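Taken from TrEMBL as is:
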DOMAIN    44-298  domain 'Proline dehydrogenase'
BINDING   LYS98, ARG286, ARG287  substrate binding site
BINDING   MET133, GLN161, LYS185, GLY186, ALA187, LYS199, THR224, HIS225  FAD binding site
Amino acid sequence: MEKMLRNFFLYLAGNKTLTKMAKKYGLKFGASRFVAGETIERAVQVIQDLNQKGIKVTLDFLGEFISKESEANEMANNTIRSIKYIGEQHLDAQVSLKLTSMGMDISDEIVMRNMRKILEVAKTYDVFVTIDMEDHTRTEQTLKIFTQLKSEYDCIGTVIQAYLYRSQKDIEQLHPLSPRLRIVKGAYKEPADVAFPNKKEVDENYKKLVRTHLLNGHFTAIATHDDAMIEYTKQFVQNHKIANDQFEFQMLYGIRPERQLELVKEGFNMRVYVPYGTDWYGYFMRRLAERPANVGFVLKGIVKK
Ligand code: FDA
């Protein structure tokens, strides 16, 4: 049943018509539990509130299925606006973005131009940029673009997904770049010929990737809500005397906020991924797919309307 619901929400997440419709109608169905708001002003309030609690942020201006150059340029300009807000208001925040929203599916030239424009501003304001990882058809291209940009800018990192068979090799290949990597389990619907179909195998690979990257001596973001992964990391860094500034825990806005605070109180660096904007639909559907228990919030949201 849980698997069926997961597939259903991942199917809905990929629906372009619903994505477009959702933009028009504002945050609905309890999406505001996971999305900070539709405007940068509202997102800034959320960041300030989290910062006051000792929680760092990575801010994402939501956007999916970009097919026109003008849309990609607008996404890039909005991301630049976020970076300027972060810098000018001295927020403890970074930004995250998706290469498809910067024009990766349109042309190499457009995505590279937008990324360099963003990274120039990020460098000026000393704001770190993480490239999110999308579905497996885009992994190769994303890592290629990341590798090129990392040779030009220091303030850039990316994401490795534990459900992909290829990830251990990718981590080893990226090692010479000393990259700051976020390790996640993976949020897309992937076929069994590219991704581990079982949670147990994904979890084992997750731990292996965390181990590899930490022992390679690089900064590692442990992005998960799973206590088993968190406890494993705590034990591992203690056993190997890895300093607190070589890693951080990351969670998504609205998920396990009390656990986020506990980790801060225990003295760990904690960063929360805060999405905002009108293009909330796909992001929201992937959150529902991860945890069908969240559907209860949706139903309550519908009833309240
Ligand atoms: P998983 O879903 O396996 O759950 C394991 C356990 O964690 C549960 O049994 C429960 O105990 C606990 N848990 C999970 N969700 C909970 C909830 N809502 N409430 C209470 N407990 C809960 N993906 C991707 O493909 N590309 C990307 O770029 C990113 N970026 C990203 C950034 C950040 C900061 C995070 C935290 C996550 C991502 N992801 C991502 C999403 C990621 O791939 C994954 O889908 C989710 O984090 C869910 O997997 P978990 O590791 O949290 O545990």
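Keep in mind that glycine also has a Cβ here, set from the backbone N, Cα and C atoms.
Where TrEMBL records a feature, it is marked here on the structure.
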| residue | record | Cβ contacts under 8 Å, 6 or more apart |
| --- | --- | --- |
| LYS98 | substrate binding site | GLY63, GLU64, ILE131, ASP132, GLU134 |
| MET133 | FAD binding site | THR139, THR142, THR158, VAL159, ILE160, GLN161, VAL184, GLY186 |
| LYS185 | FAD binding site | GLN161, ALA162, TYR163, VAL202, ASP203, TYR206, THR224, ASP226 |
| LYS199 | FAD binding site | none |
| HIS225 | FAD binding site | MET251, LEU252, ILE255, ARG256, ARG259 |
Reduced to three states, what secondary structure does DSSP give HIS225 (FAD binding site)?
coil
Across all chains shown, how many C-beta atoms besides its own are within 10 angstroms of the C-beta of GLN161 (FAD binding site)?
26
Where does GLN161 (FAD binding site) sit by DSSP, helix, strand or coil?
strand
Anything from the binding-site residues LYS98, GLN161, GLY186, ALA187 with its Cβ under 6 A from ligand 1? List those in sequence order.
GLN161, GLY186, ALA187
Residues flanking the substrate site, with Cβ no more than 8 Å from the Cβ centroid of LYS98, ARG286, ARG287 and excluding those residues themselves:
ALA13, ALA187, PRO275, GLY282, TYR283, PHE284, MET285
According to DSSP, folded down to helix, strand and coil, what is ARG286 (substrate binding site)?
helix
Spatial separation of ALA187 (FAD binding site) from ARG287 (substrate binding site) - C-alpha basis, Å:
8
Across all the protein chains here, work out how many other Cβ atoms are within 10 Å of the Cβ of ALA187 (FAD binding site).
20
Measure between the Cα atoms of every pair in LYS98, ARG286, ARG287, the residues the record assigns to substrate, and report the largest value in Å, rounded to a whole number.
17
